[in-house]
Amino acid sequence: LGSRLRQEDFPPRIVEHPSDLIVSKGEPATLNCKAEGRPTPTVEWYKDGERVETDRDNPRSHRMLLPSGSLFFLRIVHGRRSKPDDGSYVCVARNYLGQAISHNASLEVAILRDDFRQNPVDVMVAVGEPAVLECQPPRGHPEPTISWRKDGTNLDDRDERITIRSGKLMITNTRKSDAGKYICVGTNMVGERESEIAELTVLERPTFVKRPSSVVVLADESVEFHCVVQGDPVPTIRWRKDDSDLPKGRFEILEDHTLIVRQVASSDEGSYTCVVENMVGKSEASATLTVHVPPAFAIRPRNQVVTVGRTVTFQCEATGNPQPAIFWQREGSESLLFSYQPPQPYSRLSVSQMGSLTITDVQHTDGGFYSCQALNIAGSVITKALLEVTDSGSDHPPPVIRQGPINQTVPVDTTVVLGCQTAGLPPPTVRWKKDGLEVSLVDSRLSLTDAGSLEIHYTKLGDTGFYTCVASNPNGEASWTAYLQVQGSHPTDPNLIPSAPFKPDVTDISRTSVTLSWKTNPSSGAAATSYLIEGFSYTLGSRWVTLAEHVKTQTFILRNLKPGAVYLFMVRAVNAYGLSDPSPISDSVRTQDSTSTMQGVDHRHIQRELGDVVIHLHMPTVLSSSQQSPYIQGYKVLYRVSAEHGQPEGQWTVLEVRSPKEDGVVIGQLKRGSIYEFKVRPFFDEFQGADSEVKVVRTLEEAPSRAPQGVTVTKSDANGTAILIAWKPPPDLEKVGVIQEYKIWCLGNESRYHVNQSVDSSTFSVLISSLAPGIRYSVEVAASNGAGPGVKSDVTFFQLGKRSPQKGMMDISEERDTLTQISDVMRQPAFIAGIGSTCWLVLMIFSVWLYRHRKKRSGLSSTYTGIRKGVCLPNI
């Protein structure tokens, strides 16, 4: 060997090492390996430590050893039946001087299974909400990547709203266009797999296309409120009046949900709300109906006879909407006397706030007719009364009050009569005063009988005060005062309340119903008009619950009970004066169980077992029904802003009241125009009781305190007669409230150039056309809510340029200005007087000429006739 060694020979070395490969099953692949050496080395391959069989060893082998030393696979074999090709490979280069071994190279077979580990599911969201579709691709090597297709088209993830992360497809602020069928696609070098189809449904909360508008009408007219909405699914629409359902039979609702009120009356005034709702949200829009009612007299003045030096009062009161103004006028006089008019110095006539005319120190010259007129925007009415003034020295004394009002104490919501029986000749007239001021009979609760008594119906705490009956006739007047006390509560006569019924019997017990029967106790109390049934069960909670009311018979079937529950019942009698004491409590009963009796149970054995149980009863402790529980340390008042328009509900705010005797609390710092939910919860140390039922209240709105921002005015057309006004919503919308519309004022230097418009709250620009060139205009914009328009924006001034005059024609604006000046001059009083004087002078000249002409023709005898005709000429 040593004799054959050549100086230029050198041992093998690897100049290109094989690299790791991942190949699909059945695909060709090559593991590269290149070696240098002299003599040229031979190359062999080893897999996992074993020599690799190639075509040089077996011509049928699918592995070929290339001349360069690389190992070529005609196809990658992978499976249990044949020896797989995946593994760790090295190439070995040899010559007589030695050998060289390459780095390890791994050959891996790529796979991608068919079944997705998690298929996306159908999703339903509302417009503006986020949508999430989740997907986990099939198992594979290498790990497959995820992409999505919508309606067969690859999803464009360049949209900022779309995010694909860890297999999840997230869409923020969804739109209607996002709805469709989505497929999750898993891809690696083997290929791609598609998931099952998942449908994304995008619903739309109700929105108003046309909101109802506030209207002002006269009584007996008809009015329509329109409400057009859109949403998906189609929203339901209903109407409310003043936060209550519409009374049946009074209103008409068309197929397009238009609300019609026919022959409106003052009682129809109020706020009408269109409530729209679907499964994803709810919205409301309100409009106000104002009914103007013409005046009508509640009290007409009467003819009166009074002696000289006395004081006389004519009563006059009127009803209407708005409240009419009352003024007086004496027949033949041009002066008017109004209520609230400051008293005139040395005047003996005055009008009270209620509209009564009083004349002091009556004189003969005061006699005559006096007219009372009531006036409001809807119309006017007039009536009159006669005042006769006689000399003093009548033989009859002043009137006498035979029986006047007496001091009384009455409860709220009752009727009280304040009597005033009078005598005198002539019969006196009666009027009433409360705390020194005349009683107004405009209030429908108050009425004056023919005998002079004052009746007050449905008494209120504000009716408390001193009432004075004043009787007057021409001989004088008399008065009588009494005090009326109205209390919030009063003891009821026990004889007027019905007695408690006897103990009720329970029969016909089923799974969900029982039959109750009872008898009344006729020995005491008044008759009952109906009955109220209360029940108790641990399944209902820890208190008695009203199960039925307005029961007219003494037998009643209670339904919708819970199966397998133990119940106790009691009955109360009811009439107009209140409720009776409860009846004795019925025997406990158990409704039938919802499941059948267990098979194989020996009921006789159970009976014997229960018979061996001994129960000892201790002395009971009597508790007062009005006693305060010693385990109430205070109350927690919880409140929050209620969810509106599909917004999530807010967190509860807690206000602690650490006194069990308190029964109320004032909560401030609430948002205006917002709906709040309230509930109360008792507590003792860290223990808390059950919540009360939730009460919902809406706070009052106020006009927006912020003005629209960024008001701009730009010229809109080539003729220069139109402008485009644009603005931005007011800042801090929480303090502004719910904006219903925007009002735009475009005011010229004269009222005939004024242009006013209103647009809904979703519009932020308006085009105003037909403006006059050369006129300086000012523009203001204000937001308006349920309380009316708010603060106006800063004034923006603009002036459209004059139109360029055409050949042979004068400028239209100049012509208009000239006509305007001529019209203004013609309306001046001096101009009218001058024209009249000129006409009169011409007429006189014509008359003189005619007179002289006829004198010459007819002589002296016909001259008088000519003069007579000439004088009559102006009247022809």
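Cβ coordinates are placed from backbone N, Cα and C, and glycine is handled just like the others.
Remember, TrEMBL labels are computer predictions, not curated facts.
If you check TrEMBL, you get these features:
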- 12-108: domain 'Ig-like' (DOMAIN)
- 114-201: domain 'Ig-like' (DOMAIN)
- 206-290: domain 'Ig-like' (DOMAIN)
- 295-390: domain 'Ig-like' (DOMAIN)
- 399-487: domain 'Ig-like' (DOMAIN)
- 500-594: domain 'Fibronectin type-III' (DOMAIN)
- 609-702: domain 'Fibronectin type-III' (DOMAIN)
- 707-803: domain 'Fibronectin type-III' (DOMAIN)
- 830-851: transmembrane segment (TRANSMEM)
Selection from 12-108, 114-201, 206-290, 295-390, the stretch that has most Cβ pairs under 8 A to the domain 'Fibronectin type-III' (707-803): 206-290
If I count Cβ-Cβ pairs under 8 A between the domain 'Ig-like' (399-487) and each of 12-108, 206-290, 295-390, 500-594, which range comes out on top? 295-390
Which listed range (114-201, 206-290, 500-594) shows the maximal number of Cβ pairs under 8 Å with respect to the domain 'Ig-like' (12-108)? 114-201
Restricted to the domain 'Ig-like' (12-108), the mean pLDDT of the model is 89
Residue counts in helix (H, G, I), strand (E, B) and coil for the domain 'Ig-like' (114-201), per DSSP? 3 helix, 44 strand, 41 coil
